[in-house]
């Protein structure tokens, strides 16, 4: 049974990797949210396949049935994408810059980022509260203050990219944050290629809701007790953490590739891991990850 499951998972990852590579090379463009729509419609096929595996007690045939199910999901998801009505697509504009000044007597910052498919970079490096550079016209930027907390909300109405385009992501956003303030970040995005570089920022909490894509996250040793929540669909997430930081990790995922077993974690339960220095570390992070399908990796630096 174990060998059978390994074959199934291995073949699925080979298919997914090849498909993702073609997507990254712009040979095709596939919106992975349609994969979940396809699953919601075709999940009864799982019952059919389970029944067939009981009747046909042949490991090779059973493995091929599960592989066929995954191929059907991909193809049907592509069909749903092709027949879906195309929302408004915005033309690529000139790069525009926005400066958000720090208000008087603020003690912390909060960022809410709600965007669709694009490439973005979040980093430190501005004396202002925040600076924004983007080629997406019509950004909705709200800046408010309440109880010494300055709140920056950046959003845009739903948009899509043309199915075939010259680059993977036509829209881009570069956001610099003031590193003198402790920050809370809430990122809600569709298909993205993103870098969240917080190496010089004291992070209070980071909440990421990601549909599909790639994201690299860099954390600092300034956070005394940071909380990170990641909820993603089909994605690749790389988390870079200072080696001195203590980590409490709770990971929940279906079919995923991770390097958790290769790190110096103490396993507390099936989905809960902790570093030996967690209780006494000056900088620590409580990390919750719920991932549908993809790759999750932790690096220490």
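Placement of Cβ uses the backbone N, Cα and C atoms for every residue, glycine included.
Predicted automatically and left uncurated, TrEMBL annotations should be read as such.
When the ranges 63-80, 81-98 are checked against TrEMBL, the one recorded as transmembrane segment is 63-80. For the transmembrane segment (34-56), the residues of the chain that approach it from at least six positions outside its boundaries are 62, 65-66, 69, 72-74, 76-78, 80-81, 84, 233-234, 292, judged by C-beta separation under 8 angstroms.
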